[in-house]
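Engineer: Swiss-Prot feature annotations, pasted as is:
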- 48, 50, 52, 54, 59: Ca(2+) 1 binding site (BINDING)
- 98, 100, 102, 104, 109: Ca(2+) 2 binding site (BINDING)
- 190, 192, 194, 196, 201: Ca(2+) 4 binding site (BINDING)
- 35-70: domain 'EF-hand 1' (DOMAIN)
- 84-120: domain 'EF-hand 2' (DOMAIN)
- 131-166: domain 'EF-hand 3' (DOMAIN)
- 177-212: domain 'EF-hand 4' (DOMAIN)
- 224-259: domain 'EF-hand 5' (DOMAIN)
- 283-304: domain 'EF-hand 6' (DOMAIN)
């Protein structure tokens, strides 16, 4: 390496240590450069220091200080952003990007903030959440081709390929780039780092518009009406057969399981939960429930207070 290249490399190293975001800005215009999937993950990993899936607290303060100070042409340090400026900035920033208003930034919210390769951005499905968990379970069954109860790397790659094909972008994506996207999505969503996606991890990659069962009416706050129960039944009985079965039942149980297990459950948990629920309603019909049985389940759920769920 010649002396000029060595000096340039050292300068980048110093910039990284001083302000991680500065390397991603154009030195002339100070605009953010378009990030590759790998660069985006570098930014995420740098600021999500505890690896809990959120940029929050002091991590968020550090990100905002560096994000703002890196836009300045003069080499000011992040510390130049005063606490008062930081609070004002945080308030505006969170109003614009904290979609779920939880006071922290998750990976989807960061993806909306930073300029990224268009194809990679498409994979986050910002404008296209699934209608229901029934749809989710149909997709799960389609891509879990070996019925292992997990979406492995090759199955995830097939899913991402089809997602881009659906968006008519597949011709733009090479096999190498698809592998990069698959690896990146695993880094993002594979919380337990076992190299594959379990149900709860895939549910974060493929969000559902709303888990209807999370509404307060099902948590004992108000009396359940016949209309409430009918609404739930029609939500899951997608084929209007008069019973909730197959992926409809799996989707219903997934939504129920999310109330109990929160963010960490897999296909084995779902199967065990199904067995418990079916035994609880005393049904001998394997893999399907009627309106009456759904009513029993929802009435039981409504009796459980939020404190009991913890």
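Note: Cβ is positioned from N, Cα and C throughout, glycine not excepted.
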Engineer: Per DSSP, residue 196 (Ca(2+) 4 binding site) is which: helix, strand or coil?
Structural biologist: strand
Engineer: List, by number or range, the same-chain residues at least 6 past the domain 'EF-hand 4' (177-212) whose CB is under 8 A from its CB atoms?
Structural biologist: 36-38, 40-41, 44-45, 53, 107, 119-120, 123, 125, 129-133, 135-136, 139-140, 149-153, 156-157, 160-161, 164, 231-232, 235, 254-255, 258-259, 261, 263-267, 269-270
Engineer: Which one is closest to residue 48 (Ca(2+) 1 binding site) in space, judged by CA to CA distance, out of the binding-site residues 98, 109, 194, 196?
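Structural biologist: Going through 98, 109, 194, 196 one by one, the closest to residue 48 (Ca(2+) 1 binding site) is 109.
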Engineer: Can you tell me which of 35-70, 131-166, 224-259 gets the most C-beta pairs within less than 8 Å of the domain 'EF-hand 2' (84-120)?
Structural biologist: 35-70
Engineer: Please report, as numbers and ranges, the same-chain residues at least 6 past the borders of the domain 'EF-hand 1' (35-70) whose CB is under 8 Å from any CB of it.
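Structural biologist: Same-chain contacts beyond the flanks: 19-22, 24-25, 76-81, 86, 89-90, 93, 103-107, 110-111, 114-117, 120, 180-181, 184, 187-188, 191.
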Engineer: For the domain 'EF-hand 3' (131-166), how many residues does DSSP put in helix, in strand and in coil?
Structural biologist: 25 helix, 2 strand, 9 coil
Engineer: Are there residues at least 6 beyond the ends of the domain 'EF-hand 3' (131-166) whose Cβ is under 8 Å from a Cβ of it, and what are they?
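Structural biologist: Residues packing against the domain 'EF-hand 3' (131-166) from afar: 119, 122-123, 125, 173, 178-179, 181-183, 185-186, 195-199, 202-203, 206, 208-209, 211-212, 235-236, 238, 247-248, 250-252, 254-255, 266-268.
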Engineer: Identify which of the binding-site residues 48, 98, 102 has its Cβ surrounded by the largest number of other Cβ atoms within 10 Å, counting every protein chain shown.
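Structural biologist: The residue with the densest Cβ neighbourhood is 48.
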Engineer: Quick one: which residues besides 98, 100, 102, 104, 109 have a Cβ within 8 Å of the Ca(2+) 2 site's Cβ centroid, in sequence order?
Structural biologist: 54, 94, 97, 99, 101, 103, 105, 106
Engineer: Where the distance is taken from Cα to Cα, which of the binding-site residues 54, 98, 100, 109 turns out closest to residue 196 (Ca(2+) 4 binding site)?
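Structural biologist: Nearest by Cα distance to residue 196 (Ca(2+) 4 binding site): 54.
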Engineer: Find, among the binding-site residues listed as 59, 201, the one whose Cβ has the highest number of other Cβ atoms within 10 Å in the structure shown.
Structural biologist: 201
Engineer: Look up residue 109 (Ca(2+) 2 binding site) in the DSSP assignment and reduce it to helix, strand or coil.
Structural biologist: helix
Engineer: Of the residues in the domain 'EF-hand 1' (35-70), how many are helix, strand and coil by DSSP?
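Structural biologist: DSSP classes over the domain 'EF-hand 1' (35-70) add up to 23 helix, 2 strand, 11 coil.
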Engineer: Nearest to residue 190 (Ca(2+) 4 binding site) by Cα, among 54, 59, 100, 102, 109 (binding-site residues)?
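Structural biologist: Checking each of 54, 59, 100, 102, 109 against residue 190 (Ca(2+) 4 binding site), the shortest Cα distance is to 54.
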